[in-house]
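Read through the structure below, which is laid out as structure tokens, and then see the notes.
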Amino acid sequence: MRIQSLLLLGALLAVGSQPPAAFGRKKGEKSGGCPPDDGPCLLSVPDQCMEDSQCPWTRKCCYKACFRQCVPRVSVKLGSCPEDQLRCLSPMNHLCHKDADCSGKKRCCPSACGRDCRDPARG
């Protein structure tokens, strides 16, 4: 009887010591975000993963070239990118590729002519 009580106590302590999932994340989802999927679509390529838990350590399961694969996760800044109502007449020119390329709270956002660093939209 005493051994069963100790096992039950140990199990409860182990479960209670697990940190809760971060707010807004699904169970098993890793922190960080996916890099932008700017690559061309490769047809008929099977997904390499379906969820983050299938990826090693610091990698996330993200869409890249139109199929899911394990890629290095990127840091995500708060706020959303403002909408761009312009149309580009020149070739695409990316001034950044991910939020970490931008200073301070600025985010790497899609614009009419490529990606550039912008202050996040308020709201």
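Glycine too: its Cβ is placed from the backbone N, Cα and C atoms.
According to Swiss-Prot, the feature disulfide bond maps to C34-C62 (among others), an assignment based on sequence analysis. Just so you know, the Cβ of C34 (disulfide bond) picks up 17 other Cβ atoms within 10 Å once every protein chain is counted.
What Swiss-Prot lists as disulfide bond is C41-C66 (among others). If you take the C-beta of C41 (disulfide bond) and look for same-chain residues 6 or more apart in sequence within under 8 angstroms, you find A65, C66.
Annotation source Swiss-Prot lists disulfide bond at C49-C61 (among others). Secondary structure at C49 (disulfide bond), taken from DSSP and collapsed to helix, strand or coil, is coil. A simple way to gauge crowding: the CB of C49 (disulfide bond) has 17 other CB atoms within 10 angstroms, across all the protein chains here.
What Swiss-Prot lists as disulfide bond is C55-C70 (among others). The local packing around C70 (disulfide bond), expressed as other Cβ atoms within 10 Å of its Cβ over all shown chains, amounts to 18.
The feature disulfide bond is assigned by Swiss-Prot to C81-C109 (among others), with sequence analysis given as support. Secondary structure at C109 (disulfide bond), as computed by DSSP, is strand.
What Swiss-Prot records for C88-C113 (among others) is disulfide bond. C113 (disulfide bond): 17 other CB atoms within 10 A of its CB, across all protein chains.
Here Swiss-Prot flags C96-C108 (among others) as disulfide bond, drawing on sequence analysis. Annotation for C96 (disulfide bond): same-chain Cβ neighbours under 8 Å, separated by at least 6 residues, are C102, C108, R115, D116, C117.
In the three-state DSSP classification, C117 (disulfide bond) falls within a strand. The disulfide bond annotation in Swiss-Prot covers C102-C117 (among others), and the record cites sequence analysis as its basis.
According to Swiss-Prot, the domain 'WAP 1' annotation covers 27-73.
Look at Swiss-Prot and you will find 74-121 tagged as domain 'WAP 2', backed by sequence analysis.
If you look up Swiss-Prot, you'll see 1-24 marked as signal peptide.
Averaged across the domain 'WAP 2' (74-121), pLDDT in this predicted model comes to 87. C109 (disulfide bond) counts 22 other C-beta atoms within 10 Å of its own C-beta, drawing on all protein chains shown. For the disulfide-bonded residues C62, C66, C81, the ranking by surrounding Cβ atoms (within 10 Å, all protein chains) places C62 first.
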